[in-house]
């Protein structure tokens, strides 16, 4: 083998070694990116009510003997009693004598302290004939609703830019899901009182009623903003604000 051939083989070996090192370095780089994305996805998955790390965490108002967890202070588990996991009264109709003709009875962590960190809650909704649970959102929870009595026209609207409307007429025994954060409503199209129950994927899903928030904020939103946003006459906006 000539000296030139030996040098050529040696040069190729060095080049191949550098290529291998480059591939390893790139592979490590991609691995780091993959793990970073995985960690980010996991953080998004736990952005709402996290899974508890103990059997339960009964919420208390007195912080002297508690630990702050997920929005509430936790009582010593040894001091928990059955009443911490109990609520009575969902058999009683709510008062629907109001402008929209509906009433929501909420059973969340404020009513059942034992719900703290468990990521679930319940509501009973009563509707007068042609009563409405007006357009609203739950910023922290998906809702699954079952109709018990009468007939409801329900629906939700997707986010921008599509703003698609999904609607359904529900009879007793029918179930419908409202995805987290989307504007939704229920309207009693029956001639009798209606009743529905709904579960929510949060110990405190929150509620933002659109009309109340926009036209009844405290302090009021500048009418010029709402006039532009809703393309309405300023007098109409001010009238609507006076109603809330």
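Heads up, the Cβ atoms here are built off N, Cα and C, so glycines get one too.
The annotation oxalate binding site is assigned in TrEMBL to 133, 138, 143. Positions annotated as Mn(2+) binding site by TrEMBL: 136, 138, 143, 184. What TrEMBL records for 57-74 is disulfide bond. As annotated by TrEMBL, domain 'Cupin type-1' applies to 88-238.
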Inset, instruction - Determine, using Cα-Cα distances only, which of these binding-site residues is closest to residue 74 (disulfide bond): 133, 136, 138, 184. - result: 138
Legend entry - Whole-number Å value for how far residue 184 (Mn(2+) binding site) lies from residue 133 (oxalate binding site) (Cα to Cα): 9
Legend entry - Rounded mean pLDDT for the residues that make up the domain 'Cupin type-1' (88-238): 97
Inset, instruction - Between residue 136 (Mn(2+) binding site) and residue 143 (oxalate binding site), find the distance joining the two CA atoms and give it rounded to the nearest Å. - result: 12
Legend entry - Environment of 133, 138, 143, the listed oxalate site - residues of the same chain whose CB lies within 8 A of the CB centroid: 123, 136, 137, 145, 178, 184, 198, 200, 205, 207
Inset, instruction - By Cβ count within 10 Å, point out the most packed of the disulfide-bonded residues listed: 57, 74. - result: 57
Inset, instruction - Pop the Cα-Cα gap between residue 184 (Mn(2+) binding site) and residue 57 (disulfide bond) into the table, whole Å please. - result: 31
Legend entry - Neighbourhood of residue 184 (Mn(2+) binding site), C-beta criterion under 8 angstroms, separation at least six: 135, 136, 137, 143, 154, 155, 156, 157, 178
